[in-house]
Amino acid sequence: MTVGHDPTMGTIGLRVEGLVDPQPVRSGTFKRIIPYAMRYRRAMAMVMVATIVDSLITVSIPLTLKMIIDDGIIPGKTSVVFGLAGLVAGLALLNVVAVYTQTWFSGRVGQGLIFDLRTAVFSHIQRQPVAFFTRTQTGSLVSRINTDIVGAQQALTSLLSQSLSTLLTLVLVLAAMLYLSWPITVAALIMIPLFFIPGKIIAQRLEKLARAGMQNDAKLGSMMTERFNISGAMLVKLYGRPEDESAEFSKKAGLVRDIAISMDVHARLLFILVTLLTTVTTAMVYGFGGWFVIDGSLQIGTLVAMVALLLMLYGPVNQLTNIQSDVMTALVSFDRVFEVLDLKPLITERPGARPLPARASANGDGTAPPVEFDQVAFRYPSAEEVSLPSLELMPQRKSEQGPGALVLNDVSFHAPAGRLTALVGPSGAGKTTITHLVPRLYDATSGTVRIGGHDVRDLTLGSLQNTVGVVTQDAHLFHDTIRANLLYARPDASEPEIVQACEAARIWPTISQLPDGLDTVVGDRGYRLSGGEKQRLAIARLLLKSPPIVVLDEATAHLDSESELAIQRALKTALTGRTSLVIAHRLSTIQDADQILVIDDGRIQERGTHDQLLAGGGLYSELYRTQFAHQQGRGRPAESTAAGNGNRALD
Ligand SMILES: Nc1ncnc2c1ncn2[C@@H]1O[C@H](COP(=O)(O)OP(=O)(O)OP(=O)(O)O)[C@@H](O)[C@H]1O
């Protein structure tokens, strides 16, 4: 942070290094806040009534003070003095009730608003496609739901309770002052514009700082969420340099600190200005007022009341400048929340979408629906289609903004009902991308993907989810019990059904040996289980869901041969009678497949059974022989993993 050349002066020119000018608030933001606020109109009405009572009482106290002095003390009327003093005490008590009411209802409005926005943003984010999550930083997203929404609420509720009381107090105080002595009032008013000019400059700067502060808070949060989850922590332990990590963190934290200091200084500066002007004006009123009292044209009680009112006048004037920055903070925060809510999910359910007909979705008896790709081409969506620059760590590059290259080209195949179709090919060939189009994690750019003869885009998302079960290589488990993780696929599954699924997935012996059995908590990302156990648990989850179509990315993790065998057996059960698309890494799976598709460079280069493809002497046989020779050389069993086996290895 640099504060001019001399840190003791020129704070208005305070600059935080590395602070980019944030985008301005989009027009129309204010209008969009109204419906959210209107849900709480009754509570807001109560806040307003309480605020009016509070302001009336606040202004009436100096006037009562004037009467105590001028009509009680000076003429020596004890009864008037006691009566009015009692009135002041009564008013103070009433004020307590008013302030309490105001606090209670404004709390309800504020927390209600946080609840509404949080649930809306959470639901909206859930509807975003996978592509959104591949680009977005988790920390930024979490901070949008936490910091920004809370910021929006705080600014709005303080606006709600302050703006009315500020304006009301200002009008009432001015009316009372004009009534008591118009020349002194006019003199005091002349000073007011002196507040607004610096106030406005400072408020503008505060707005920029507020937005930059939120952005940098999010970056700091992102760094922590990335480093503190188990995979991130492992990576740091194995490859990271603690000093560099700390330096990077302190750079980010330093920027957050500098912005916060700058905001504090600006806010304080505003306060200092107001205090200075209040003191100067008070001195002026005492000067002129005292002179008028000596002169006999002003009563002493009036002078005391004028000074008390004057102190009340500059408080609201000060708050007026705060209101401006509150408005800006609220607008910035709401704008950042609306920005997320405005992001249209790329994959949505078509109006009139239908569930997959029951016959087509049947399973287990050989009537599972077939899957068909018809001249499918695909390119990954561009950054601007799926994400927001402000939610990404790096600014979106120009090259990311246009449409990218085709990753799949003219892919057509028929995966027969209840049969196993294996996808093989070099790394980056497009195998995973093909499987992602079946459950609509992405939509084809052109061409059609069909299930049981129905375009997947014509099906309801719910029925698609029930029809297609996916097991990924890195089977994710929530930080919860094994039971909760299994029930996630089918919440109504009974205990015997859970056990049966675990037995079929060959994971029951492991679970039953754990002291807490199914109630064992699996760590962050299910880390306390081995890779093979995790995949078998994921297969058990799939079996509980029992979908007629299975998409499986075989684990390539370094499994011992026992785990491999267990997984092979689990898979045999899982795939029987289901239409399966398997990204094959193990030769045994490939040999058993009803159909093998050899993918290279986003196209199907060859297709057939293992024997046919070997006999064909094409890419498959070349890949197979290279791999087979390699494994023989390493003394590994033929059905072991094929990953990491040269440039053109089966992956
Ligand atoms: N989210 C994404 N955005 C942009 N490009 C992507 C994305 N995911 C994958 N790609 C690219 O698409 C191509 C195909 O990737 P895909 O993951 O389908 O290959 P794969 O055959 O499954 O490879 P592997 O066996 O190594 O997982 C690759 O060039 C990859 O870089």
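Heads up, the Cβ atoms here are built off N, Cα and C, so glycines get one too.
The transmembrane segment feature in TrEMBL is assigned to 45-68 (among others).
For 45-329, the entry in TrEMBL reads domain 'ABC transmembrane type-1'.
Taken from TrEMBL, the feature transmembrane segment covers 80-100 (among others).
Look at TrEMBL and you will find 167-197 (among others) tagged as transmembrane segment.
Taken from TrEMBL, the feature transmembrane segment covers 269-294 (among others).
Taken from TrEMBL, the feature transmembrane segment applies to 300-317 (among others). Within the chain carrying the transmembrane segment (300-317), a Cβ under 8 angstroms from the stretch's Cβ atoms is held by residues 58-59, 61-63, 65-71, 73-74, 165-167, 169-170, 173-174, 176-177, 180-181, 184, 188, 192, 195, 274, 277-278, 281-282, 285-286, 289-290, 292-293, all 6 or more beyond its ends.
The feature domain 'ABC transporter' is assigned by TrEMBL to 391-626.
Sequence annotations record features per position, and here TrEMBL assigns region 'Disordered' to 630-651.
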Stretch of maximal Cβ-Cβ contact with the transmembrane segment (167-197) [cut-off: under 8 Å; candidates 45-68, 80-100, 269-294]: 269-294
Integer mean pLDDT for the domain 'ABC transporter' (391-626): 83
